[in-house]
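> Mind having a look at this structure? Questions to follow.
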């Protein structure tokens, strides 16, 4: 029987068999995959082992258009409906072909009829636009399930143990009792007048410039701020149990970081100011020109980024404890003990973050990155900009004294005094001289008058002090005595 021109010859699937190689031989396409290939794909768990396609008997791969079929019959049925090919199909044997995995490609009409007979639904075959919409819906459902799974995992994360709660309460109380103005800092702060700190006019020995009026204002709050950091540390049992030498090293290492953190968490985006020591609100240029230099940029940027975290007092307290108990400080004696203490605070910190259930994704690792940022940006940003050693703040010596990273280095003060007056004297002839004072003289006088020099008792003289200095042998007991008792007062 002749086939009509409009009909497709039996056994010539236009999708599966139309491709030919240059020599005229047929090439196998994806729809005509071998038995080995069809059996190696993903098989859903709801199928029984070796379950067969209801159309051709090949290995089934899942429910397709309401029937359990193989990939080949699924694709054949979809193409037939999408391209409306079934009216063109015909059979040479009066629609009596037996369809199995060997003969399925020999007669499209009988294969399609069997698809319909076993229950494959034509209305479930989607056109391109509907298929795209379905894919989008599937992705949305997957994303929703991922979020639900994330919420469940967050709810299942461990919260603080009773021992950790004790550690948390002690750190929180230590912070609150040493944090000036507490939660009322916005109501009690005073803005530094705009005309102060806007024009650095006094040149320092290293070439930097500073606004003396702003510097003078900052020196009024630096010693109480240092004292509060020392008091905070002394209220932590793990710190108090350390040798005096390690306490000094840890305080010298973290003083700048903790004061910077306390200022950063009091960043006000509306006025673009930081509140220092809980009482003085300053702008970026005022802080920079008052002695901090480029480090002020690091503190302001830290304040901006931390504002999105909405940290409470406990999180700030634990962050301070982690900064304090850092084994990165050189010269420590009890490194293992300090490391275990920091790990205890870190674990309690992580569990407390789980307890608060923040809405920020990956809150804990992001917060840990901020902890490292407090250290690295404050310690090294200035050094990179100024070309100074990484261990310093990267600002002029007076700026280091102002923020207390090394808490008034004895040699730095003596060097300035030697340039201007009697060596080693705290009240040399320069300070009593009645002639007009140079900028350096005025700066040194401010240092003495402000009481910053008394902060030496908090963290001791620098290790580089001259060995033959008359006072060097007497200062270490003074430091240990201060740490064991009250912090140094202004």
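Numbering starts at 1 and runs along the chain as it is shown here.
Just so you know, glycine gets a Cβ as well, placed from its N, Cα and C.
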> Which residue range, 16-40, 91-115, is the one Swiss-Prot calls zinc finger?
91-115
> Which residue, out of the binding-site residues 56, 70, shows the minimum number of other Cβ atoms inside 10 Å of its Cβ in this structure?
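So among 56, 70, the binding-site residues given, the one with the fewest Cβ atoms within 10 Å is 56.
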> Over all shown protein chains, what is the count of other CB atoms within 10 A of the CB belonging to residue 110 (Zn(2+) 2 binding site)?
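That number is 21.
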> Within a 10 Å radius around the Cβ, which one of these binding-site residues has the most neighbouring Cβ atoms: 53, 73, 97, 107, 277?
73
> Mind checking how the zinc finger (91-115) divides into helix, strand and coil residues in DSSP?
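Summed over the zinc finger (91-115), the classes give 8 helix, 0 strand, 17 coil.
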> Can you figure out which of 56, 70, 97 (the binding-site residues) comes closest in space to residue 228 (3,3',5-triiodo-L-thyronine binding site), comparing Cα atoms?
70
> For the zinc finger (91-115), provide the mean pLDDT of the predicted model.
93
> Among the binding-site residues listed here, 91, 228, which has the most company in the form of other Cβ atoms within 10 Å of its Cβ?
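Neighbour-count leader: 228.
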> Determine, to the nearest whole angstrom, how far the Cα atom of residue 91 (Zn(2+) 2 binding site) is from the Cα atom of residue 56 (Zn(2+) 1 binding site).
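Between the Cα atoms of residue 91 (Zn(2+) 2 binding site) and residue 56 (Zn(2+) 1 binding site), the distance comes to 17 Å.
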